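Straight from TrEMBL, the features:
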type: TRANSMEM; residues: 21-42; note: transmembrane segment
type: DOMAIN; residues: 33-286; note: domain 'G-protein coupled receptors family 1 profile'
type: TRANSMEM; residues: 54-82; note: transmembrane segment
type: TRANSMEM; residues: 131-152; note: transmembrane segment
type: TRANSMEM; residues: 172-193; note: transmembrane segment
type: TRANSMEM; residues: 230-250; note: transmembrane segment
type: TRANSMEM; residues: 270-289; note: transmembrane segment
type: REGION; residues: 323-348; note: region 'Disordered'
Amino acid sequence: MNDTIANSTESHGLQNPALDGAFIVLSIFILIINSIVIYLFFSREYLQTKTNSLLVSLAVSDLMVGLLGIPLNIACNAVTVYRDQVCYAAALTYRLQAVSEMAHIFVTTIERYIYVMYPMKYIRIVTAPRILKVMGSVWCFSIFVAFIQFAWNNPNEILGMPTPTRMVYDAVYNIFGALVCFLLPLIVMIISYSRLFVVIHRQIKEIHLQNYPRSGSGSQRAPVATEARAISIFALMLSIFTLAWSSWYIMSFSFFFGFYQHLSDHLLDFLDFFRFSVAFINPILYTFLKRDFARAFKSLVMREGVRPREFVTSTRLKSRGFASTSMQTRMSNSYGDENPITANGNTA
């Protein structure tokens with residue numbers, strides 16, 4: 001993987017200042033939007049839910065892309081002093097981004113799956129301490145997978161011709177990364193989202209068939225529609241990530257078979273830009289499409305502060321102590337704007 005990145009960036013350099021300028025602009029946008037997400041989470045009490053805790057952890061990961069990933073990628077193309085070390089650092093952050101983003105989307109998917117499929121058990125299964133442990137595990141796993149390469153790679157020789165032993169280690173490492181950090185989670189999430197959409201579609205259909213008054217039907221439909229919207233956002237995040245990073249895992253293998261050299265620099269530039277853009281697309285999706293974040297962002301832009309008092313009040317009533325100064329207590333609520341959904345579409 002390091003050889004793949006090193007060879008892909010080596011041909012760019014200062015010969016393409018327009019590309020470097022585009023990367024710089026992208027980096028600034030990534031820093032701004034993810035900083036806003038983190039600020040909103042800690043300044044808006046009603047955003048401090050279990051799902052949003054996972055999303056803000058993803059925002060921290062995406063923030064590092066703009067803070068370290070893109071600058072190191074540009075530096076790898078430009079510097080002549082300590083270039084091996086800089087390119088090696090760029091490779092590490094590249095891998096860290098790939099593993100961390102997939103891991104965060106995976107745990108968020110599992111959390112939503114439990115919420116919809118096991119609503120009566122959700123509060124007992126998904127507790128605030130467990131969410132914190134899961135976030136810590138995601139970061140430890142991502143850092144471990146990225147930095148384990150130090151065991152067989154010399155940062156001072158990363159751009160040189162790899163030895164046969166290093167080629168073997170890299171091949172095993174890439175196979176492990178493709179299977180454990182991409183393919184297996186992807187399969188699990190595809191199955192999970194398929195089941196989630198089937199269940200939610202059935203709930204909506206059952207609500208339509210029930211003879212509720214117009215007002216009652218709307219109140220029953222709202223939680224299901226809200227959850228369908230949230231799951232659609234996460235499924236879209238997974239689709240974009242898969243589209244962006246599947247080519248990288250494929251190219252990590254093509255390097256060993258000599259196919260990599262046939263790819264044009266323009267294609268490699270585009271793919272690099274697309275992968276880095278995921279760190280900008282993620283917060284855009286849940287900031288503007290997820291209702292609680294969209295409301296918080298609107299209040300920030302319009303300088304209204306925490307204006308939606310009815311939103312905060314309902315959240316407090318449902319969480320019984322959600323407004324505590326303790327972060328774990330505030331995370332005790334499941335989602336922030338609805339209760340768990342039962343099999344017939346009712347709220348628990």
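Just so you know, glycine gets a Cβ as well, placed from its N, Cα and C.
TrEMBL: automatically predicted annotations, no manual curation.
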Note the mean pLDDT of the domain 'G-protein coupled receptors family 1 profile' (33-286), expressed as a whole number. 89
For the transmembrane segment (270-289), sequence-distant contacts whose Cβ falls under 8 Å of one of its Cβ atoms, 6 or more beyond its ends: 8-9, 19, 22-23, 26-27, 29-30, 33-34, 36-37, 40, 55, 58-59, 61-63, 65-66, 69-70, 73, 97-98, 101, 229, 233, 236-237, 240-241, 243-245, 247-248, 297
Among 21-42, 54-82, 172-193, which stretch has the most Cβ pairs under 8 Å to the transmembrane segment (230-250)? 172-193
